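Annotated features in TrEMBL:
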- B:24-43: transmembrane segment (TRANSMEM)
- B:50-75: transmembrane segment (TRANSMEM)
- B:95-114: transmembrane segment (TRANSMEM)
- B:121-143: transmembrane segment (TRANSMEM)
- B:170-189: transmembrane segment (TRANSMEM)
- B:219-244: transmembrane segment (TRANSMEM)
- B:256-278: transmembrane segment (TRANSMEM)
- B:290-307: transmembrane segment (TRANSMEM)
Amino acid sequence: MTASAQTQSQPRVVLTARGLGKTFGGFAAVSNVNLDVHHARIHALIGPNGAGKTTVFNLLTKFLQPTTGKITLLGTDITHTKPDKVARMGMVRSFQISAVFPHLTVLENVKVALQRPAGLAVQFWLPLSSLDRLNGRAETLIDDLGLTEYRDTRAADLSYGRKRVLEIATTLALDPEVLLLDEPMAGMGQEDVRMVADIIREVARHRAVLMVEHNLSVVADICHHVTVLQRGEIIGEGDYASVSQDHRVRTAYMGTED
Amino acid sequence: MAHGHTNTEARAAHPQASALKTGLLLTLLALLLAAPFFLYPIFLMKLLCFALFAAAFNLLLGYTGLLSFGHAAFFGGAAYFTGHAVKVWGFPPELGILLGMAGAAVLGLVMGLIAIRRQGIYFAMITLALSQMFFFFCVQSSFTHGEDGLQSIPRGHLFGFINLSDTTNMYFFVLAVFLIGMALIWRIVNSPFGMILKSIRENENRAISLGYSVARYKLAAFVMSATLTGMAGGLKALVFQFATLTDVTWQMSGEVILMTLLGGIGTLIGPVFGAGIVVTLQNYLATSDFPVTIITGVVFMACVLLFRRGLVGEFYASRIGRSLGFNPEK
Ligand SMILES: Nc1ncnc2c1ncn2[C@@H]1O[C@H](COP(=O)(O)OP(=O)(O)O)[C@@H](O)[C@H]1O
Ligand SMILES: [Mg+2]
């Protein structure tokens, strides 16, 4: 799809934020955040609870309007774009609290994502069977993410880890250029963590991934670039090895890790 | 509907459930066809009008998750539009109803554009305020004839040759319009568009993050619900041959909420039963000494407390309903 010849040499920047800030009342939840997210790279956003990571996601995807700063997606200024438009432009997010359609089955969840790009979302006069032609693609995604046996299970009845996997499957159904994952592995068992890490590594071969993650061994393992946030500000940046040596970062966040 | 179950046992029960559903629907249809020969036809026609009204309202509440407190504007408004078109302009009944629907659609579009971005209780309040504005417009306006209402609306001849002054003819016309309305609602709910409505109801933010312009889908659902409500309102004007302020009051908006909750939101047939119960109660209590509103209020409270999903919803969720393969969530 979007893989270009130059990806190995200098991956292009697909998402940038400059001077991004958000205040709630008088409280600055995010201030002066600069980010460059690259194609075919996994970029981690880490930091203690309440640091402002989810708020940054909400700003980038325009679920919240930034108080200051500018956001560019694939060369287009999206600072004043609506969130659904941002999604259509190719940046799709997941949510920290798993976001599935609970009373729809796994297959239906994925198909809802496929309906819009397939131009099958506004037809109120067609029967549901008109969506059958999306089954093949939906089933491929479900199989790829190891949900085959849950195809007809209602999303509400899935385990927590599988709900997260379903969310990723639904997100991938849109084939986004930029993927934002908010704590995709929180609350998962060791085995699921491995599987999801592999999935993310695989999907990032052709897309940019920005993820919030608390599991630092996963960050060390799969992320190319790390940005550390504390009290809404960036206090460190670089690859995992250098960031984890930074003394501000160590005292603020990682001190608890070793 | 086809993938609602996790275990094979429930899946095996499916053909049985759909056969049962078909059986129930055919029985209901047979009863409706035979009913005018046993029951008072005007009562039955009133019941069908309100059943369609409640089902159209439920398209919004049950399938989109929006609580409108202003649907009387579409119901009563369409009654005026149809009445005026038939009486003053001499439209045939079928065109009169279509015009009532078109008028309700325009009203729905205007109200929807103003209200649709509000959430929850604010949406209910704005729709209430807008429908009250429409009520005062109806009080002032000359074409509604104010307190007197629009009287002696002729039923006319369907397609120019079926005389609807004949009660039996009229009944079957009302039944046909009702069935067409229900079929339209069924189609909308079970369509690609209906799937998106369901997903918006289930998780609005997720739907946005998948690129759906949620407000537009909600607006479309709102206009569809208003239009189908107009179908019921126009029909009612022809049945009773008058259109009055009663149908545009906020109490009418409340009544349809009551009917829908009583029968069960999120099921197609629930509001029909809810409307049946309310209209029947009103009809029998009207001739007795009991105060109608208090009795319906008490029945409503009892039902909401005892049957959270509404009567039909509770039946679907009950052991019997489940063993027959009904899925209470759909
Ligand atoms: N909508 C909001 N209104 C007010 N305060 C908020 C809102 N969203 C987040 N915050 C505050 O902003 C800070 C950052 O929150 P968040 O972005 O969720 O942190 P993280 O995801 O890093 O744990 C917290 O102090 C939180 O209470
Ligand atoms: Mg967070």
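From the backbone N, Cα and C atoms, a Cβ is placed for every residue, glycine too.
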| Residues sitting near the transmembrane segment (B:95-114): Cβ under 8 Å, six or more positions beyond its termini, same chain? | 70, 73-75, 77-79, 81-83, 85-86, 126-127, 130-131, 134, 156, 177, 218-219, 222-223, 225-231, 233-235, 237-238
| Contact call for the transmembrane segment (B:219-244) against the transmembrane segment (B:170-189), three or more Cβ pairs under 8 Å | yes
| message | Applying the under-8 angstroms CB criterion, which one of B:24-43, B:170-189, B:290-307 scores highest with the transmembrane segment (B:50-75)? | response | B:170-189
| request: Count the CB pairs under 8 A between the transmembrane segment (B:170-189) and each of B:24-43, B:121-143, B:290-307, then give me the winner. | output: B:24-43
| query | the transmembrane segment (B:121-143): which same-chain residues, six or more beyond its ends, come within Cβ distance under 8 Å? | reply | 66-73, 76-77, 80, 84, 88, 107, 111, 114-115, 150, 245, 248-250, 253
